[in-house]
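Taken from TrEMBL, the feature transmembrane segment applies to 21-41, 61-84, 96-115, 127-152, 164-187, 199-219, 259-281, 293-317, 324-348, 354-375, 387-407.
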Amino acid sequence: MVNQHWQPSARDDQTEPKDPYYVAYIIHFLLGAGYLVPWNSFITAVDYFQYLYPAKHISKVFSVAYMVAAMTVLFILTCWSSFFKMKLPALKTRMNLGYALFVLVLLVAPITDWVDHRDEFGRGSNFAFVVLVSTVAVTGFAEGLTGGSLVGATGKLPGRYMQAVVAGNASAGVLVCMLRIITKASLPRSRKGLRTSTHIYFFTSTLIELLCIIFFNLLHRIPTIQHYMTEPTQTSHLDDHPPKTELRRPETLLVLKKLRWLAVSMVTIYVVTLSIFPGYLSENVNSTFFGDWYPVLLITAFNIGDFLGKCLTALYVLKRSRWVVWGCIGRVVFFPLFMGCIFGPNWLRKEVPVVLLTLLLGVSNGYLTSVLMIVAPKFVAVEESNISGIVMSLFLAIGGCLGFSVYNSIMLVLQSRLRLEDDNQHRLVLQWSFFQACSSLQSSATVTTKPVLKSLLKRLSYRQFPSVLKNNSEKTNGAT
């Protein structure tokens, strides 16, 4: 492992025009929030969707549909220019298409819910479920397109704009959770109230996406951004087609070689995070005190921690790659800690330890992700900044898919263990009942039939329940 320092590059110099009122920073923050608001809208409404489809594993199905679609798009973006030898569509085209798809899916979900024909218990139909999962997959597609393009383009700007994007990512989770809590608390705790609250914040999220479309198309008018558009030694993040004489074509494999340790660290972060959040927190931890509020509160705690962690990089960024890599590896300690929340001592199963662990999971996830995204463009040449951002986004998605697979593997092991314990308990009850019945029959038999019955029952019992009769025989011999 190479222990590298990173220093501010020429892109962070003082020659650029001032950003009046931090407008460029705020727009990047909003755009970063915008491409994760739809996903957070779906996953935070898990309590409502679980009510509509009680036989489905909502968080698992959503995660698979979303991550597979996002990773596919990011893989295509990564390989496009290097392997297909074709220019990517213009950044404005990719961004506007992505945000338009976000608006579409955020409208389709509640509209489908309105027109769906429910059964007598108010449960959704299979057709509506297919439409819902399809909208989640489209959300993943749009997130890969928009997020990969935005992160890649922002890699050409000073690091503070990348920090704004990743902090915006985290703020999306916090914003949606706050909307969810407000609407859920202000409306009656009934089927109608739950449905209305979900629709309100879906439409609020739609307004956020419309704002993103407007402000993205105004971004190139800001003097700070125009400075990077016209600077001769580098291209703007709004110019996807630089003259061939200025810049060489970036090679994906060469960029990947430079970023290999950072990419592995990104995978490690999201293997740990996505194996715990959101599936574990929404399905496997329960509270009699909070009831159906508990998953919402835990997801909110994670998102607040994630936001705080990503904001911390505005104050301090780790200077050595070795520290970042070991910090990412060290997060595996969350596995045994969260397992203790199920099988550990009673004090660890309480609400306070679980919330604190969830908060720490979010803080570490946010800070380390932000550090990796900020420093990755500093490891490559200016013309490779765009592809470096897309590569890091791709490995983030790969880590998410692996994390989801790890979560499912752990849950299969735990469920097998729980089923085995239940089967053993049931078997012991049957064994004890059978033994008691044998004893009753022997005591009530006549003197003539008692030896025959005893021999018959003993032979049958040794075939069916040898452990019980063996233990009983040992106890009898010991007493004798």
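Cβ coordinates come from backbone N, Cα and C, glycine included.
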*Per the definition of 3+ C-beta pairs under 8 A with sequence separation of 6 or more, do the transmembrane segment (259-281) and the transmembrane segment (21-41) touch?*
no
*Are there at least 3 C-beta pairs under 8 angstroms linking the transmembrane segment (61-84) and the transmembrane segment (127-152), leaving out pairs fewer than 6 apart in sequence?*
yes
*asked:* Let me check one thing: do the transmembrane segment (164-187) and the transmembrane segment (199-219) come into contact, meaning three or more Cβ pairs under 8 Å with sequence separation of at least 6?
replied: yes
*Do any residues of this chain, six or more beyond the ends of the transmembrane segment (199-219), have a C-beta under 8 angstroms from a C-beta of it, and if so which?*
24, 27, 30-31, 33-35, 37-38, 41, 45, 92, 95-96, 99-100, 102-103, 106-107, 109-110, 113, 175-176, 179-180, 183, 225, 238
